[in-house]
């Protein structure tokens with residue numbers, strides 16, 4: 001009986017050691033997956049940059065660099081604007097849409113007026129729909145590259161210089177460029 | 001001499017080795033009163049705690065649903081404000097998912113896994129105690145937020161940004177901490193299950209000899225370990241976005257709210273399988289028992305469960321078809337989602353084949369199991385409909401979705417839990433349950449649950465959006481019927497409470513194996529199961545006998 005108990009005890013000790021090893025391995029998996037959750041953030045950005053999945057356009061100015069103008073094709077570019085919660089600006093495109101040939105450079109402008117009685121710094125965030133067209137929409141100059149400080153009551157006309165890539169997939173005939181305007185006074189000060 | 005008395009003689013010696021560092025010595029002696037439950041490291045006690053907690057949460061979440069259905073009984077705003085209505089739907093979802101279904105399955109795991117594996121206890125008994133006892137605190141925080149100035153979370157259990165960040169009513173912190181604690185509890189429970197299954201199996205119990213019940217919990221626990229940390233990550237991001245000025249999901253700071261949905265559903269889709277795979281395990285135990293046949297296609301069941309688990313990582317964006325994904329993305333997620341129907345179909349057909357030409361009898365666990373197979377299949381089919389991208393644009397965020405996930409979660413997961421509870425109640429309490437009362441519970445539940453959820457399909461197809469406190473007049477009749485079904489279903493669950501209390505207090509003495517067709521090591525010990533079982537492992541013949549039958 002006692003030798004039985006001893007062998008049972010050593011079996012139990014083996015089990016305990018095995019348990020500890022397994023627990024450590026599983027805890028590593030837990031930690032790794034917690035990290036993976038955060039890793040998804042840069043991965044998502046890279047993925048979207050490459051594929052243009054979420055309609056994000058480049059944050060830096062492109063240079064005008066085209067192999068020609070495809071005048072046989074006309075693409076309609078629409079402009080829409082939207083104010084995020086809590087920014088009392090008037091913000092709208094001067095023209096709502098424009099027809100362009102791929103490769104052709106165009107300049108349009110947007111109007112903004114600070115209706116508040118205090119200074120506000122705004123930031124417009126662009127997005128292109130359909131998302132896959134984002135990589136074919138090149139901005140040479142855009143007010144969205146910089147912050148827009150407006151003193152109380154003042155207004156400004158802001159320019160956007162762009163061209164649509166000649167490689168734009170042929171099934172896309174209309175692009176919508178949407179700007180959402182955020183109040184970033186707190187974050188910029 | 002029976003096996004049980006043999007087990008008990010050697011218990012004291014071996015238990016000291018098992019619970020090293022525990023100084024109280026004699027483990028046959030239970031502490032009394034509240035201390036027994038607070039300090040317990042016994043898998044059966046902890047299983048009982050989990051099951052009672054889950055049932056209390058089921059009634060709590062059910063009570064919230066009753067208020068929702070009362071408000072929706074007729075069009076217009078009668079009882080609650082829209083904001084409070086949102087709090088109700090949010091907390092109802094959180095309580096049912098994290099408070100009722102998941103802890104109930106953990107309770108089953110605690111009670112049954114050691115007995116099915118021929119192990120003396122779970123591998124990590126102290127962590128087991130801890131993983132249960134943090135849960136009441138999590139739900140105290142969550143439910144307590146109803147009484148705070150800000151109110152409870154009102155952004156849906158899916159807490160989409162920016163609803164939970166920019167537009168939060170101030171409850172995001174309560175929500176975040178509560179979910180963190182629930183997550184930690186789940187992870188600890190899952191680690192315990194995996195370690196138990198890997199290391200505590202009785203000698204001779206190979207992986208392919210484990211009951212399918214054990215397999216499904218094994219795979220589910222792995223899913224939990226992999227995805228719950230991702231949930232913890234996304235909750236952390238929500239908290240820092242709301243309170244510490246980060247911009248993970250805020251476009252003004254370069255973030256992207258759609259990314260929230262990607263990360264959330266990367267957790268969220270495996271999560272729905274976490275809530276159904278253990279149900280498959282229970283049904284795969286009860287149907288063979290009452291068909292008096294071996295489970296048809298055991299190994300195909302193991303592989304089907306594994307493939308469902310693997311595929312669950314490739315389908316998350318089917319929750320996001322309307323967010324403006326490119327065509328190839330929608331096609332990829334549509335086909336992957338439909339692919340899941342294949343292993344799920346394998347399971348359904350295996351259950352039907354198990355019943356085919358079996359010697360069937362219709363005890364209450366079997367009634368719930370058959371209802372599960374039929375009604376879960378309805379839920380599966382509406383899932384297939386939702387998987388079709390073009391029609392999902394019509395069904396998205398309507399009551400059709402509500403009908404779908406309640407068919408899989410209520411008539412799926414919850415019915416399997418009832419099947420399992422009736423099946424093992426004799427083993428847990430030592431008494432047979434009151435048969436008449438249990439049949440009342442089944443038939444009332446079956447009729448009312450269909451009255452409750454079936455018309456929701458039509459409401460959804462007709463365009464009634466989900467999560468609204470008021471609706472257009474043409475939806476009035478169906479909503480009235482749905483509400484009546486809801487009240488009836490809610491009240492029917494009190495019959496179950498009565499059955500369980502009666503069963504604990506007395507009733508016909510249960511045999512060690514009250515079901516003649518049942519197999520499994522748990523039926524080789526007495527009823528009620530002694531406080532300590534399998535202190536000495538079962539014999540190889542016993543193990544093989546369970547597998548051969």
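Yeah, the Cβs are placed from backbone N, Cα and C, and that goes for glycine too.
Just so it is clear, the model here is predicted, and its values are computed rather than measured.
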Range annotated as transmembrane segment in TrEMBL, from B:295-317, B:502-524: B:295-317
TrEMBL annotation (transmembrane segment) - matching range among B:22-43, B:88-109: B:88-109
TrEMBL annotation (transmembrane segment) - matching range among B:130-148, B:149-167: B:130-148
Contact call for the transmembrane segment (B:295-317) against the transmembrane segment (B:212-239), three or more Cβ pairs under 8 Å: yes
Integer average pLDDT (0 to 100) for the domain 'Cytochrome oxidase subunit I profile' (B:37-541): 95
Segment proximity, the transmembrane segment (B:259-283) to the transmembrane segment (B:399-419), 3 or more C-beta pairs under 8 Å: yes
Within-chain partners of the transmembrane segment (B:365-387) [C-beta distance under 8 Å, separation at least 6 from its ends]: 276, 279, 283, 286-287, 289-290, 318, 334, 337-338, 341, 344, 348, 351-352, 355, 395, 400-401, 403-408, 411-412, 415-416, 418-420, 422-423, 439, 442, 446, 449-450, 457
Contact check, the transmembrane segment (B:212-239) vs the transmembrane segment (B:130-148), 3+ Cβ pairs under 8 Å, seq sep 6+: no
Tertiary contacts of the transmembrane segment (B:130-148) (same chain, 6+ residues out, Cβ under 8 Å): 38, 46, 49-50, 53, 57, 60, 87, 91, 94-95, 98-99, 103, 106, 170-171, 174-175, 177-179, 181-182, 184-186, 188-189, 192
Ranked first among B:49-68, B:88-109, B:440-461 for CB pairs under 8 angstroms with the transmembrane segment (B:173-200): B:88-109
